[in-house]
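**Q** I am attaching a structure below and will ask some questions about it afterwards.
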């Protein structure tokens, strides 16, 4: 498990405005909790605590949105 920005397909973060949205997203993916980090490295993005290793996280490199 790790603490990280949860990622969508193509290495893109989940943007957010409310902590509750991120907490729900993170816990549904097996994390202990999560919150919306404002003005972070990737803008306003969901950060998860104790996210399982099988869930994708944001890694260095570009977000490749289609």
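Heads up, the Cβ atoms here are built off N, Cα and C, so glycines get one too.
Values in this document were obtained by computation on a predicted structure and should not be read as measured data.
Quick paste from Swiss-Prot:
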- 12-63: disulfide bond (DISULFID)
- 16-36: disulfide bond (DISULFID)
- 22-46: disulfide bond (DISULFID)
- 26-48: disulfide bond (DISULFID)
- 2-64: domain 'LCN-type CS-alpha/beta' (DOMAIN)
**Q** Going along the chain, which residues six or more apart from residue 46 (disulfide bond) have their CB under 8 A from its CB?
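**A** Spatial neighbours, sequence-distant, of residue 46 (disulfide bond): 5, 6, 13, 14, 15, 16, 21, 22, 25, 26, 34, 35, 36, 37.
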**Q** Would you mind pulling the DSSP three-state label for residue 22 (disulfide bond)?
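**A** Helix, per DSSP.
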**Q** Among all protein chains shown, how many Cβ atoms are found within 10 Å of the Cβ of residue 36 (disulfide bond), not counting that one?
**A** 20
**Q** Average the pLDDT scores across the domain 'LCN-type CS-alpha/beta' (2-64) and report the rounded value.
**A** 97
**Q** How many of the residues that make up the domain 'LCN-type CS-alpha/beta' (2-64) does DSSP mark as helix, as strand and as coil?
**A** 13 helix, 26 strand, 24 coil
**Q** What's the CA-CA gap between residue 63 (disulfide bond) and residue 48 (disulfide bond) in angstrom, rounded?
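**A** Given the Cα positions, residue 63 (disulfide bond) is 19 Å from residue 48 (disulfide bond).
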